[in-house]
Amino acid sequence: MRLSSSPPRGPQQLSSFGSVDWLSQSSCSGPTHTPRPADFSLGSLPGPGQTSGAREPPQAVSIKEAAGSSNLPAPERTMAGLSKEPNTLRAPRVRTAFTMEQVRTLEGVFQHHQYLSPLERKRLAREMQLSEVQIKTWFQNRRMKHKRQMQDPQLHSPFSGSLHAPPAFYSTSSGLANGLQLLCPWAPLSGPQALMLPPGSFWGLCQVAQEALASAGASCCGQPLASHPPTPGRPSLGPALSTGPRGLCAMPQTGDAF
């Protein structure tokens, strides 16, 4: 068996008619199948929930984020919501410290005019080297203070004295002395020791009454009456109930009548 040797063919020369050459090449290579739009099946198309890749639609992502945030405890959700809000805290106001000279000047103006006009406020602020807002605020506070002082007169003189008079501990002795003065006008009055008695000194009052009665009896009868100090456990009835030399100045002694 002999092998036929054929010389290699050179490049085929193309004719001037390109369409004829294209047809000849297509007939030699065989028919090629080109896909048509109808060849695509409905199953190969991605559905509404399927995408080409691992990405998910934004609606599904937002639903998952909402579900995840709902699982958080209430304090964390509150802090998460507050962290997104802007910081609306105001800076604290700075109080103006007036000097004594400024306060004296403002008080002098307030005594004449409690309300300032805009021109007067501007002039006063320029003279005192303050702002109009500071002048206006000071006058507002001063008017409120003046109103409180007018409503409560005690604010004018807080240390003028006590509001209530102290109780009189010498009412009994003074009434007794007045009665003795009416009975015996020439009897001397008792000294001021009754005014110096401390509160609650019952025996001191009795002693003063005894001395007053003794002095009155001596002036009436010519000799002093016997006065006995109170004994513990037995109240003293005073010298008015003791015996005396005359019936005009002494009362009968009390005893067991029955």
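Numbers run from 1 along the shown chain.
Cβ atoms are placed via backbone N, Cα and C, with glycine included.
According to Swiss-Prot, the region 'Disordered' annotation covers 1-93 (among others).
Positions annotated as compositional bias 'Polar residues' by Swiss-Prot: 1-32.
Look at Swiss-Prot and you will find 91-150 tagged as DNA-binding region, backed by sequence analysis.
As annotated by Swiss-Prot, region 'Disordered' applies to 227-248 (among others).
When DSSP labels each residue, the DNA-binding region (91-150) comes out as 43 helix, 0 strand, 17 coil, counted as helix, strand and coil in that order. Averaged across the DNA-binding region (91-150), pLDDT in this predicted model comes to 90.
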